[in-house]
There are 2 protein chains.
Amino acid sequence: MLDILNWTDASPEARTRALTRPASSSSAGPAARDIVDAIRDQGDEAVRAYAKRLDGYAPGDFRVPEGVLKAARAALDPRDAEAIKAAADAVRRFHVQQGYRGYSVETWPGVTASRRATPVDTAALYVPAGSAPLVSSLIMLAIPAQLAGVPRIVVVAPPAGDGGVNPALLAAADLLGLDEVYAIGGAQAIAALSFGAAGLPRADKIFGPGNAYVAAAKAYVSSLPGGPAVDLPAGPSEVMVIADETADPDLVASDLLSQAEHDPSAQVMLVCFDAATADRVTASVAKLLEDLPRAAIAREALAASAILVCDSVDDAIDIANIYAPEHLILQAESAERLLAGVRHAGSIFVGAWTPEAAGDYAAGPNHTLPTAGAARAHGGVSVESFQKTTTILRASEAGAVALAPTVERLAALEQLDAHGLAMRLRRERANTGDVAPDAGPRAGTKRRKTKETDVTVTVNLDRDGPIRIATGIGYFDHMLDQVARHGGFALDVAVEGDLEIDGHHTIEDVCLTFGEALRAALGDKRGLGRFGFELPMDESRAAAWIDLSGRPFAKFEGEIPGEFVGEFPVEMTAHAFRSIAESLGAAIHLKVEGENAHHMVEGCFKAFGRALRQALRVEGDALPSTKGMLA
Amino acid sequence: MLDILNWTDASPEARTRALTRPASSSSAGPAARDIVDAIRDQGDEAVRAYAKRLDGYAPGDFRVPEGVLKAARAALDPRDAEAIKAAADAVRRFHVQQGYRGYSVETWPGVTASRRATPVDTAALYVPAGSAPLVSSLIMLAIPAQLAGVPRIVVVAPPAGDGGVNPALLAAADLLGLDEVYAIGGAQAIAALSFGAAGLPRADKIFGPGNAYVAAAKAYVSSLPGGPAVDLPAGPSEVMVIADETADPDLVASDLLSQAEHDPSAQVMLVCFDAATADRVTASVAKLLEDLPRAAIAREALAASAILVCDSVDDAIDIANIYAPEHLILQAESAERLLAGVRHAGSIFVGAWTPEAAGDYAAGPNHTLPTAGAARAHGGVSVESFQKTTTILRASEAGAVALAPTVERLAALEQLDAHGLAMRLRRERANTGDVAPDAGPRAGTKRRKTKETDVTVTVNLDRDGPIRIATGIGYFDHMLDQVARHGGFALDVAVEGDLEIDGHHTIEDVCLTFGEALRAALGDKRGLGRFGFELPMDESRAAAWIDLSGRPFAKFEGEIPGEFVGEFPVEMTAHAFRSIAESLGAAIHLKVEGENAHHMVEGCFKAFGRALRQALRVEGDALPSTKGMLA
């Protein structure tokens, strides 16, 4: 059933053939293009006509009413709801670490170059939901979209049964906080999202798997001028397992079958080091197939797949790098060497205890991955997939003068005289006072000297370093470092304190001075709005919301156990934020739950730093997660 | 010459029309596809035939000999060489901050999910070089490719004059350390790179601007199964300037002309708030055009462009967000409000002193940017563009048991029984001893107790936190924090030291213990190779190279001024690394230059941490920059 190729003895042609994906013979491409063109030219009516013809479902409004979503959730088996929530939590824990980094650097004296990340405005998530509801696909797309802060997330799914969308999928959407779902599938759904037709919004980027028509339509619309972006080039799903003679044949076989049951065109490859392993796995596949409901599909996929028997770990690494598999499973004693050597793969599963199924559903990493060798140049869907970056340049008068000779020289070399002129005009106007000076950096320094302490705090909101903190209280230093690092600004705190008594005055006075310095740095740019951030930290969870309103208000919810973290008195946590709120003139709400005081205090400061970063910079790489919550 | 539209009074249709890019009427698409198909089917001969016909140049070998590169560099005006180096340095300073972040998180008890970034194997940089050599395009593509660590970077450029490539471009390639240049342009170059023909390698991703044929060929090859990836959808270059009545009309005009001179199809838009500003700018454009060599091109571009007069900053923000310009220049008192409101733009230039020309050549940010509204979903070229991510999952026996109920439940919901089976088989085998246990985390704890100090150090190489350091020497804590943070591992350092005398023993003993703990954590996985990292830090530059060979060796080059940084004795820097090398059993080479002791010491520890990260994890997100250097 699975062809066996001896890699070592095989000719170069046989090797190439074994690692070449079968060409698609589908006629989906031209058909999908016809549908897209018709909908572009004829609009709503064409959407309805294709939906009627292909899905058998063309209601007045494709949108699923909110009541139907709520009813589906109410009807969902609570154990399914629990599984969906648990999977979403793990996916969120993994993806919250992602996102393009925003930063600023001074590239020339007087020239500040920055990068910021922002979400796409409208993301469309296509979720196949014909016979079975692919709730895992919805989780894998919705969580990174929410973490990126996408303002409008729309879900499209083919109608199931006699109209409407599969109830389990609707329930999952509701659990994930998604309320905009359309019951339409196929190339007509992709086209409607590309042009904004039949009540569907125009999407800036379309995500998700689908059949050959959906894949072809995505590729086509993304090639049109002004067309939406798409997540990944599409192809049938695939797995490569590298197993040695120590591998359990049943575990290898069950992993191969997990892939094979997806689709008759799914790709399954086993790489091993001896014929006996190949035989054992083949026997186990045959045995396990007997009880498999989707055995017919799996058999078809296996018929087009292969076992490669090679001589060495280096050969196996070469095979994986040539093939660049979507999924790579390592069940071999040399797993670490294989892992280090493989450069091209969508997702790698290390060791016997890590089936691909774990990653498909609930382990954390995304399951929307590059197929058909696209792993040579693409990764899977991530928070970055829902963002884009903008670079920002600010030159001062002095900066323009510093840059000018280099720019003018290169413009002359490239014979682009207007470019040279634009720079020369600045150089000539410099130091004449004819052009208004630019605003300075948003920086502030404050000193607070009492009988008890002498505190100096400097912040620069337009730089993300250096961070220098020395309060004499190690854990408090660590906390302020968290705020600046996660807030993305430079911070210098110097203290002469009365630590011989206790940390109270130092912490309070540092916080008051910090708030004052921040306020000074913000200048008249307050009122930037309300920003929130929530983060998990081991067993703890902390959330912070800030409104730089000018009006001080502080609210702290949570019970932190114990008295001290290092030399830091736990009871000072709430007090620290009250002090900052007072001197900064801001509303600060903090909420923390957990068991470990260290995590809980650190979570508060980190979440505060993250919320501050958004409030100060409006950077999209800071992840607003009030949306990213399961209800 | 520039049409003026009053935005406030305009109909919705007129507004849409004003912000719609003109449709391309080019026949380049079908022609480019024919060329690509012919080269796919007929190979080398077809490449040569098209090169002969279209470029008039089809040598036996398209590669430019190294001697020709060296000669071009020798012949380059030293002032041009200096300008190229200065621009490359600034671009490197900006881009070194980029790159996908690698990380590990424990998503379930016993389940570790990681992400690593790796470069593409072969990147091709297409540089237009017909009449003028676009050395700036080469800089903008080569620097991020080098920072990403791309092993093979190839440059293709159309032949200029009577064969070979423009000498200034060749000189720039040599200055940038690029030695693989091919003299071939157009769709035939893109096709040759896509299939690996006529002596050109098969590229995994193709970057760079080009004419309509090149753009069409890139779009087509990226849509082929197994075809290369490409950087960005292509369109004519464009700028939007938002100017108020305080703007200097000559500066605005020179920025508009910088765009208009590129190409007859370049897009130029001015948004202002009153008719008088529009008139002043128009007059200045007419005046400056008189002396411009490329005036004919600029006039053609301006004829298709427009001035929009609107009423408010909010209107201007709306216009920018609808248009999503490649370049956006803000010359208005409300620049900060505009900056905060604009969500979609490739690059933004803030204030009168920041011409687009600065960013085109030498300011630091990339000039390869999204056109035609693609900024709604795409950023410009970055280090990330040359990388891709791979996720890695490791479950322990306990982890598999923890995951199983959720995975099995969801597999049942989706009716994918083999998925459930793969998880169930693990659950059933757990705790039976039938499957070999996975290796534990790479962690180690060491304690070193002498009469002078009592040091305990714990490291966990498979987690990237927490980091807890308390040596009693604030700056040294900061340094160790840098090492762990940049090294990407968990570190706990606890010390009872004889600080009342001086910091010497503490620093030495902590370093010795740290090395021992690292060595223990590495287990038998030493000999991972030689890794280096170099980083700029303000005026300083520090480089570190590590070989985890088992043999201790330390070399320190550099003169750090002064005696102390905080309480940290500067002379202990070299000693600290010698201590680590000794107990870790590693060769450590450090080199630092600069003026500021704080930066220099910190640079050493940071560079060491970064080099260590690579040595420990083989993560591609750490940027090898020995390649990224100008000779």
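Backbone N, Cα and C atoms are what each Cβ position is placed from, and that goes for glycine too.
What TrEMBL says about this one:
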ACT_SITE  A:GLU326  active site, proton acceptor
ACT_SITE  A:HIS327  active site, proton acceptor
BINDING   A:TYR126, A:GLN188, A:ASN211  NAD(+) binding site
BINDING   A:SER237, A:GLN259, A:HIS262, A:HIS327, A:ASP360, A:GLU414, A:HIS419  substrate binding site
BINDING   A:GLN259, A:HIS262, A:ASP360, A:HIS419  Zn(2+) binding site
REGION    A:430-452  region 'Disordered'
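When the Cα atoms are compared, A:TYR126 (NAD(+) binding site) and A:HIS262 (substrate binding site) turn out to be 18 Å apart. Cβ neighbours of A:GLU414 (substrate binding site) (same chain, under 8 Å, six or more residues apart in sequence): none. Of A:GLU326, A:HIS327, A:ASP360, A:GLU414, A:HIS419, listed as recorded positions, those near chain B by the criterion of a Cβ under 8 Å from one of its Cβ atoms are A:ASP360, A:GLU414, A:HIS419.
For the recorded site, A:TYR126 (NAD(+) binding site), the DSSP three-state label reads strand.
Of all Cβ atoms in the shown protein chains, 29 besides its own fall within 10 Å of the Cβ of A:GLU326 (active site, proton acceptor). For the recorded site, A:GLN259 (substrate binding site), the DSSP three-state label reads helix. Here A:HIS327 (active site, proton acceptor) is positioned 9 angstrom away from A:GLN259 (substrate binding site), judged by their C-alpha atoms. Of A:GLN188, A:SER237, A:HIS262, A:ASP360, A:HIS419, all annotated as binding-site residues, the residue with the shortest Cα distance to A:GLU326 (active site, proton acceptor) is A:SER237.
In sequence order, A:GLN259, A:HIS262, A:ASP263, A:ALA266, A:GLN267, A:GLU326, A:HIS327, A:THR371 are the residues of the chain that are 6 or more apart from A:SER237 (substrate binding site) and have a CB within less than 8 Å of its CB.
Listed in sequence order, A:ALA28, A:PRO128, A:GLY186 are the same-chain residues six or more apart from A:ASN211 (NAD(+) binding site) with CB atoms under 8 A from its CB. There are 23 other CB atoms within 10 A of the CB of A:HIS262 (substrate binding site), with all protein chains counted.
Taken over all pairs of the listed NAD(+)-binding residues (A:TYR126, A:GLN188, A:ASN211), the Cα spread reaches a maximum of 13 Å, rounded to the nearest whole number. Each of the recorded positions A:HIS327, A:HIS419 was assessed for Cβ neighbours inside 10 Å, and the highest tally belongs to A:HIS419. On its own chain, A:GLN188 (NAD(+) binding site) has A:ILE35, A:ILE39, A:ALA46, A:VAL47, A:TYR50, A:ALA51, A:LEU54, A:ASP55 as residues at least 6 apart in sequence with a Cβ closer than 8 Å to its own Cβ. Other residues of the chain with a Cβ within 8 Å of the Cβ centroid of A:TYR126, A:GLN188, A:ASN211, the NAD(+) site, are A:PRO128, A:VAL156, A:PRO158, A:GLY185, A:GLY186, A:ALA187, A:ALA189, A:ILE190, A:GLY210, A:TYR213, A:VAL214, A:ALA217.
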